[in-house]
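**Q** Before I ask anything, here is the structure I am working with.
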There are 2 protein chains.
Amino acid sequence: MVRSEETKSFRFNHTMYRVKDPQKSLQFYQEVLGMELIDKAEFSSFTLYFLAFDHSGGSDDVSAKKLQRFKREGVLELTHNHGTESDASFAGYASGNDEPGKGYGHIAITVDDVQAACARFEKLGVPFKKRLTDGMMKNIAFIKDPDGYWVEILPNTYEV
Amino acid sequence: MVRSEETKSFRFNHTMYRVKDPQKSLQFYQEVLGMELIDKAEFSSFTLYFLAFDHSGGSDDVSAKKLQRFKREGVLELTHNHGTESDASFAGYASGNDEPGKGYGHIAITVDDVQAACARFEKLGVPFKKRLTDGMMKNIAFIKDPDGYWVEILPNTYEV
């Protein structure tokens, strides 16, 4: 399909959700999933964290990555409203998969080896919504991030 | 940053949300935003629609795009649970930005010319959550899709 001139430059740059405790979330997205923190923007009442998978092959050029933040796809923006991490009355955010508030579903990570990826998540103590062995689809798993958001793990080959 | 062997193949493949009426949603994501329907999966009670911006420069190789569905980032998966489009008692999905159910925020599209993009959305009658002239950030707009999900429109240069 030839894209129209009007939308030719458009890119699906990022997906945003709110997180209660950025330390827990950063640990999850960086250490468990292997994303990189490419940018951070602090405001008086909230902070934005931008994460993405590095496809440069291991470049350490941080400013180049920051500049590329708007030129690429696959960025995850985490919004931290200051104070939620230590507010005992804060109920937490909805994952989007339960009533009320159902609508948003999940993000998904494709991987070379879904068995190895899930074995590692088990070893790291990551909670699962659906293990590979659960349900009908044996090549797809769902893990949960620190806020309970679902992250689908699936092979990067066409098997579904 | 050198990525660990264990997460080296990981990609942020897609973001999923539920939609009430796929005809309205497909019209919005294809015609208004310029995404392409790269795949579709029909099940007995629901259908999945996979959309993405074509960065191939206008290839018509549909099967290649379908095969690339899991190899790329920036895919939007829309889930249609059959019947919602004509069910008068169906209340609709939460955008994630209001209580209860707050958590998920938005997806974002970066563009070359944010003024031109927004002028076109106005002309098409797209509802705005925030026009460029509203609020503090004059280079960022938010439009709403047919279910009320927010779509941020922002420049692809580093200005924020």
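Here the Cβ of each residue, glycine as well, is placed from N, Cα and C on the backbone.
Bear in mind that TrEMBL entries carry predicted annotations, made automatically and left uncurated.
So TrEMBL lists the following for this protein:
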type	residues	note
DOMAIN	A:11-156	domain 'VOC'
BINDING	A:GLU77, A:HIS106, A:GLU152	Zn(2+) binding site
ACT_SITE	A:GLU152	active site, proton donor/acceptor
**Q** Could you tell me which of these binding-site residues, A:GLU77, A:HIS106, A:GLU152, has the fewest other Cβ atoms within 10 Å of its Cβ?
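**A** Lowest Cβ count within 10 Å among the binding-site residues (A:GLU77, A:HIS106, A:GLU152) is A:GLU152.
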**Q** Could you count the residues of the domain 'VOC' (A:11-156) that DSSP puts in helix, in strand and in coil?
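**A** With helix first, then strand, then coil, the domain 'VOC' (A:11-156) has 33 helix, 50 strand, 63 coil.
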